[in-house]
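As annotated by TrEMBL, active site applies to GLU199. The Zn(2+) binding site annotation in TrEMBL covers HIS198, HIS202, HIS208. Annotated compositional bias 'Basic and acidic residues' per TrEMBL: 51-70, in sequence order. Look at TrEMBL and you will find 108-304 tagged as domain 'Peptidase M12A'. Here TrEMBL flags 25-78 as region 'Disordered'. According to TrEMBL, the signal peptide annotation covers 1-19.
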Amino acid sequence: MMLTKFVALAITVVIVCESRSIAPSVGSDENEKTDTANAQDDTGLTAEDFENAKKLTPEEKYETHDKKGMENSNMFEGDIANPGLNSSTIYRFMGQINPNDKGGNMRNVIKSTDYRWRFNTIPYTIASDFTERERAIIALAMSDMMKKTCYTFVDRNGRNDHVRIIKGNGCYSAVGNIGRGQDLSLGDRCVYLDIIQHELMHAIGLFHEQSRADRDQYVEVLSQNIKEGYQGQFNKYDLNKISHLGQPYDYKSLMHYEPTAFSKSGAETVRPVASARARGIKIENSGEMSPIDIKKLNIMGGCPNFGR
């Protein structure tokens, strides 16, 4: 299949893991069942929301904001909500054969597809307490991703595995399809195009860019500027035999930490290495997915030539 041919295991992509107990495999018959008892919760965005998205001005699309809503102290790397996931368990989560050997091999990508969304389709619901303008921005984020990638967001319609878009405490999402419904929070300081797409990309299966095993070739972490107790949020994962989907390090990725992430004084906590700074390279994004973000999603989805 094209899907297995082009998907490679990467620290930026969670597509493989040991067998999970919280939900059946996305390829199982159980996953096809619907939950009619919760059908009243199946409300998604409306056609009007998507029409309103088209009317947003550039100022509304790219409104200036900070990203402190993604710095949740009780979550892995600030906004990753997978239960039990931390710097110690990440190796098992990524499918490493021996999670105690941090230089060890990873499981073959074909052995498990537990955390992928079936047919690249993400069923979702959205809470009723978002304003009309917020719904329009969320619709814009989804429509942009559907235009540029082979992933589709659809109404839940009773499906067991789905994303619940809620107004929680901050911005966060689980990485990949963890089964039986998972929260994606867009609380205060979160309803902006880039943050929404960041969290949706987590839900699809992407990790943060600066966690790559090769990141020290491209960025340096300024530990002295990180808030006390948050140093672990900047860990990298030195795992052998990992492909980053054939893509270069992406300073412009929506999945990259901001230069002042988890800063105790507003000073930089992560920046390009000196040689990159000398060439004028900065950690910055355009407010939407970078070309490499788009490539990664399409390679992961088995559609590397999508949109060409």
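In case you wondered, yes, glycine gets a Cβ from its N, Cα and C as well.
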Packing count at HIS198 (Zn(2+) binding site) (other Cβ atoms within 10 Å of its Cβ): 26
Stretch-averaged pLDDT - the domain 'Peptidase M12A' (108-304): 91
Cα-Cα distance linking GLU199 (active site) and HIS208 (Zn(2+) binding site), given in Å to the nearest integer: 11
Cβ within 8 Å of the mean position of the Cβ atoms of HIS198, HIS202, HIS208: remaining residues of the chain near Zn(2+): MET70, GLU77, ASP79, ILE80, SER173, VAL175, GLU199, MET201, LEU206, PHE207, LEU254, MET255
Number of helical, extended and coil residues in the compositional bias 'Basic and acidic residues' (51-70), per DSSP: 11 helix, 0 strand, 9 coil
Where HIS208 (Zn(2+) binding site) falls in three-state DSSP terms: coil
CB within-chain contacts under 8 A for HIS202 (Zn(2+) binding site), separation at least 6: ASP79, ILE80, SER173, ALA174, VAL175, LEU184
